[in-house]
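Annotation comment: TrEMBL describes 102, 107, 112 as oxalate binding site. Look at TrEMBL and you will find 105, 107, 112, 151 tagged as Mn(2+) binding site. Per TrEMBL, disulfide bond is recorded for 32-44. According to TrEMBL, the feature domain 'Cupin type-1' maps to 58-203. The signal peptide feature in TrEMBL is assigned to 1-22.
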C-alpha cells in the first residue's frame, strides 16, 4: 500500500470516528417547537459589570413553604439564581416534617445527588427492571438518583429532616408520578384498565391530584 493511500484511508477513518463521537447537546426543556417569528436573544451581561453577588444565592438558608403534607422545597435554577445560567447545574433544598414524603418522581434531564443535612430519611430509586434500591439515610450521608429513574424520600425520624440536592442540568425537570398519571387528563377508561380501578375510584384520584379538574364518574 502506497503512503498516499495510507494517508487517505487514515483521514477517512478519522472522519468516520469524529462522526460517531458527535452528538447533540442534552436538551434543557421537554420540547422546543421552532418559532417562525424572529425573537431577540438577550446577550450575557458584560463580564466587566459582573460582581461577586451575581455568583451568590442566599435563598436556601431557611425552609420553604410547607405543603399540607409537611414537605417543602426550594428549587434553585437560573430563574432564581442567574449565575447558574450555562453552568449545567442546579440545586434544591427539601425539608420534611416527621412522616412527610417527597412522593415518587423523576427528573428527565438530570442525575441528582442528595445530601442529608439533618434527620433520617428512607430514600431510594427503582431501576428499569423494577428493582428498588432503598435504605435509611443518616445525617451526613449522600445518595445518587440516576437520571430519569423514579425515586422518593420519606422522613422516618422523630425530628424534621433536610436534604440538599444537586443536579447536572440547569433545568432537570421534575414529574411526580401520581400527579402525572391522575392529574394530567389521561382518558379515564385507559386508567381504569391500567390500574384495575373503577370509574368512581378514578374520579376520586383525579380530584385528589388535580383539584381544579372537573371530572364525572
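Cβ from N, Cα, C; glycine included.
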With an 8 Å cut-off on Cβ-Cβ distance and a minimum sequence separation of at least 6, pull the same-chain contacts of residue 102 (oxalate binding site), or say none. 71, 73, 94, 96, 152, 153, 154
Using DSSP, break the domain 'Cupin type-1' (58-203) down into helix, strand and coil residues and give each count. 22 helix, 57 strand, 67 coil
Can you tell me how far the Cα of residue 44 (disulfide bond) sits from the Cα of residue 107 (oxalate binding site), in Å? 27
Which of 105, 151, the listed binding-site residues, has fewest other Cβ atoms within 10 Å: 105
If the Mn(2+) site is taken as the center of the Cβ atoms of 105, 107, 112, 151, which further residues of that chain fall within 8 Å of it by their Cβ? 106, 125, 145, 149, 150, 172, 174
Does residue 107 (oxalate binding site) have same-chain partners at least 6 apart in sequence with Cβ under 8 Å from its own Cβ, and which are they? 145, 147, 148, 167, 169, 172, 173, 174
Taking only the residues in the domain 'Cupin type-1' (58-203), give me the average pLDDT of this model. 95
At the Cα level, what's the spacing in Å between residue 112 (oxalate binding site) and residue 151 (Mn(2+) binding site), rounded? 10
Any idea what DSSP makes of residue 44 (disulfide bond), helix, strand or coil? coil
Hey, which of the recorded positions 44, 112 is the loneliest by Cβ count within 10 Å? 44
Compute the centroid of the Cβ atoms of 102, 107, 112, then list the same-chain residues not in that set whose Cβ lies within 8 Å of it, in sequence order, for the oxalate site. 92, 105, 106, 114, 145, 151, 165, 167, 172, 174
